[in-house]
Amino acid sequence: MAAARLLAATIDARTPLDGLTDHEHGHPQFRALDMRDRGLVRAILATALRHRVTISKLIARRLEKPLPANATVLTHILHVAAAQILFLDIPDSAAVDLAVTHAKADPRTVRFSGLVNGVLRTLARAKEAELADMLATTNDAPDWFVARLTAAYGAEEAQKILAAHRIEAPVDFTAKADPAKWAEQLGGTVLPTGTIRIERLSGPVAELPGFAEGAWWVQDAAAALPAKLFGDVAGQRVADLCAAPGGKTAQLVLTGAKVTAVEASKNRLVRLAGNLERLGLDADKVNADILAYEPEELFDAALLDAPCSSTGTVRRHPDVLWTKSPADITKLAGVQRALLDATLRLVKPGGRIVFSNCSLDPEEGEALVAGFLSDHKGKVELDPIGVGEVAGIDDFVTATGFLRTTPAGLDLGNPAISGLDGFFAARFRRIA
């Protein structure tokens, strides 16, 4: 029952799944569950969101007429059960029985309990015959996202990205030192970029080898790339803007830079400080809004990993496509542009800026950069990223000198350990 209510909060109220399933501050019905059931509910929700369109179509085949537009509670009950029947290792009968019980317990759906039973039982009988074909002919994403993705990447690459979104992302780690040693300890492999990758966690992160001694931190391979684009910054003053949770801050500290981590959220800054403490690293920490931040001295370099639509993280966060809209992308692009404008005044003439985000959309990437360069002509120039600068990135460097990764990249021969988060990065140099 908790899963259907949390799915309603995600879809109807557009609430991010991570917030709903936070162990300390999440939805009350989630926090009321024991840890085992929390894991199951999270898996059900992620599956229902990851395959939302496929599930909708297979349910629709079993209805004499479409459900009323206001029958959202019923729809969520059906989707939660269908996710278990179609994709999870849960007995079909258990999923059906729980859904029927839920329908009977809610006054809004009690009269539909027979429909729930009939639809789900026929779905369970037909899944072997129908599921593969439906997956092959369905895009599990909203139409607006498919259209924008196709316009940006072409039909073939867009389909590869959409296919990658159906596969849960592996887990990546950045090691402070000796990644080969920690890859062996964690049961993973070292990627060409130096990131450690494992297919699945074997237990809680805090119980893995190396956590207590601060030997590594969890960080997607793509997220680890922007901080590497500065090259040698040892001894230089470098600002990490929008710095929490601190992975990029840690990377910069390990280069020998004098790092100032700037974060607008007090709570997120506390989290960053805790992460750095576990790693045995230190940086100056500033609680400030970048738009109003006035450092005592300008920086030699600044990294702006800006808040964005997060459409590059759908493998990890399948709720993104159902809680965001084109209007959100436009709004967030405006926020990013304001932050990038503010970043320009924080670096010295000759200083460098790396701008990055985890969006696949050009409105938050290439188009934003074009506007920034045009509006600041004579003040800043593009510092193109070159092939061979950083290990393992050559396939992701564009002809323009941007960095662009997608979930369809880094094919390692096994879809379960392939791919990257979708990331965009551009590098600039302040002229005056």
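Each residue, glycine too, has its Cβ placed from N, Cα and C.
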Co-listed S-adenosyl-L-methionine-binding residue [TrEMBL; alongside C242, A243, A244, P245, G246, G247, K248, E263, D289] among D220, D232, D300, D305: D305
Residues that sit under 8 angstroms from C242 (S-adenosyl-L-methionine binding site) by C-beta distance, when 6+ apart in the chain: V262, E263, A264, I290, L304, D305, A306, P307, L339
Spatial separation of K248 (S-adenosyl-L-methionine binding site) from C358 (active site, nucleophile) - C-alpha basis, Å: 14
Mapped DSSP class for C242 (S-adenosyl-L-methionine binding site), helix or strand or coil: coil
Predicted model, mean pLDDT over the domain 'SAM-dependent MTase RsmB/NOP-type' (134-431): 97
Number of Cβ atoms other than its own within 10 Å, given for A244 (S-adenosyl-L-methionine binding site): 23
All-chain count of other Cβ atoms within 10 Å of C358 (active site, nucleophile): 25
Binding-site residues: G246, K248, D289 - member with fewest neighbouring CB atoms within 10 Å: D289
